[in-house]
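Notes follow once the structure below has been shown.
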Amino acid sequence: MHLPSSLLIAAPLLANVSAEPIRIPQRDVSVVSTSQQLAVRALPDSPSGGYAPAVVDCPKTKPTLRKAVDLSNEEKNWLSIRRKNTIQPMRDLLKRANITGFDSETFMNEAANNISQLPNVAIAISGGGYRALMNGAGFVAAADNRIQNTTGAGGIGGLLQSSTYLAGLSGGGWLVGSLFSNNFSSIETLLSENKVWDFENSIFKGPKEAGLSTVNRIQYWSEVAKEVAKKKDAGFETSITDYWGRALSYQLIGADMGGPAYTFSSIAQTDNFQKAETPFPILVADGRAPGDTIISLNATNYEFNPFETGSWDPTVYGFAPTKYLGANFSNGVIPSGGKCVEGLDQAGFVMGTSSTLFNQFLLANISSYDGVPDVLIEAVTSVLKEIGAKRDDVSQIIPNPFLDWNNRTNPNADTLELDLVDGGEDLQNIPLNPLTQPVRAVDVIFAVDSSADVTNWPNGTALRATYERTFGSISNGTLFPSIPDDWTFINLGLNNRPSFFGCDVKNFTLNANQKVPPLIVYVPNAPYTALSNVSTFDPSYTMSQRNDIIGNGWNSATQGNGTLDSEWPTCVACAVISRSLDRLGRQTPAACKTCFERYCWNGTVNSKDTGVYMPEFKIADAHALDSGAVAIGKMVNVWSSVVVGVVAATLLL
């Protein structure tokens, strides 16, 4: 059934009175108030003043590594503020949900006096290139009470403000990194300004506002290459990830030249983060042990947060201060005569590290890229061979902060460099690992999955990978809900609508010191109002395509503003309070039981191969030809484009 197109053009920026599915409008600055306009971060704090790290005087108390036995003191102190800040938006969210038989006001009053009772909420945004960024942006926008109409009928506005953590990897990491690199501006603001998220020009072409034509694209790449060269001239190793991260920054960070001096650790110095007015950002990457080319579930998972970088896995089981990643750590300390370094955690470099993927695609045949002169093809081929020999297809952190750290278990303990790759290469394409750690005590994770598992739609592979990882020693005893096979996801429709996993805590058998894992609210990318299964490697999108996919993500998050399920906001609220009610030994409200019967996977399995997966629109096709519909097998190799630009620009240095 197709709804009238007039029902699809209502925007979250404009008032409406009905719970209809929305379509994000074209760019219109006039609908955004002055107070909402994009605030450029004022903390480009790299000591070099640019992309290059720099040696600095160590503080009186030199930075050290710590074992991962608990949260850092900095995170604990921040949480003491943030958890209290989530009380009012959560109170409003639960009140609007109007759960029959549940006194939300009394519940929240009790939680205000006992924070351990307060639900601890996290949001995880999967990888998947621009598809993941745009689909994830739709979810984040729908959950943000700063945006009009998110708190009306069918809305879930305030869920973002009720959340403690916001994690991303690869394309989802671009979203998280972009939000925090722009003062945690709303999606509404980012769409309405012209400084970021202009995907019409691919990374290879460069930013439109620079006035660059096909002829002078090399000037853009020359600026990228010059900044990376400064890092190398300062004595630090560089890789293709440096170029990739620099190019990404032009699209994601609203500052001149993509903010080369902006660092990830400087998020901790921003006013809204210090006041804990935002969730806690986490980006994820995988470790690559010396000599490895295939990333398995046993790979060490690393996280970047504004305070620390490291791993909870028993292999490394330690964290280094993010601000001092480039320091000469050995066995957890900076030895006498060792140097402190700041600026290695450049924001684009961290986002690029979480999204390398180059070890899979750089050796592709670039001769198919239209318009590349033969001389450049020859030069690129030469560079690719050198990259393969030097293993520069990964993100390198040199010196390795975990040198001589946990020598018995750490695969990189005796290497001078720490090699990191795309956070989804171990198939855990949703950044769940940091959020399932018992010390973080997360109750519910809203897992937004934009993976390209089957015809560029997800089929639960990312969840299943995290579940299967719990059977190995690498999980360190961390539990995760049971996840069925891929065909069960498809045949039961678990990948075509929100699905809950781990609803009944009685299904978990706990050994000593184990804790019940979070409830997982799985929100898969599906065709609500757009064919949002665009290729991971599509390098550019029209404004209409971008907005349609973001609008589709909104409709996924809200079930079409309640069009598909008017009780969806109630079910979201039930997921939020579920673990808290279990801890308190209280009965599940009847309305929540109804929700759980509707959305919880009940253990049924149907593994029959039913052929090619081609889902139909769940609401209506909002401009089929304009939505970015993908032809299966289409692949635009943006990675080759990046390398071509890098080589060409380097020739001009």
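Residue numbering: from 1, along the chain as shown.
Every residue, even glycine, has its Cβ placed from backbone N, Cα and C.
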**OP:** Going by Swiss-Prot, point out which residue in Asn16, Asn561 is annotated as N-linked glycosylation site.
**Re:** Asn561
**OP:** Sort out for me which one of Asn507, Asn533, Asn602 has the most neighbouring CB atoms within 10 A, since those are the glycosylation sites we care about.
**Re:** Asn533
**OP:** Whole-number Å only: compute the distance from the Cα of Asn561 (N-linked glycosylation site) to the Cα of Asn328 (N-linked glycosylation site).
**Re:** 52
Original post:
What is the separation, in Å, between the Cα atoms of Asn98 (N-linked glycosylation site) and Asn328 (N-linked glycosylation site)?
Top reply: 55
Original post:
Which residues does Asn476 (N-linked glycosylation site) neighbour through Cβ under 8 Å, counting only same-chain ones at least six apart?
Top reply: Trp312, Asp313, Pro314, Tyr317
Original post:
Among all the protein chains here, how many other CB atoms are within 10 A of the CB of Asn298 (N-linked glycosylation site)?
Top reply: 16
Original post:
Between 0 and 100, where does the mean pLDDT of the domain 'PLA2c' (57-606) sit?
Top reply: 90
**OP:** Please tell me which one of the glycosylation sites listed here (Asn183, Asn507, Asn533, Asn602) sits closest to Asn328 (N-linked glycosylation site), measuring Cα to Cα?
**Re:** Asn183
Original post:
Of the glycosylation sites listed here (Asn183, Asn298, Asn407), which is spatially closest to Asn602 (N-linked glycosylation site) when Cα positions are compared?
Top reply: Asn298
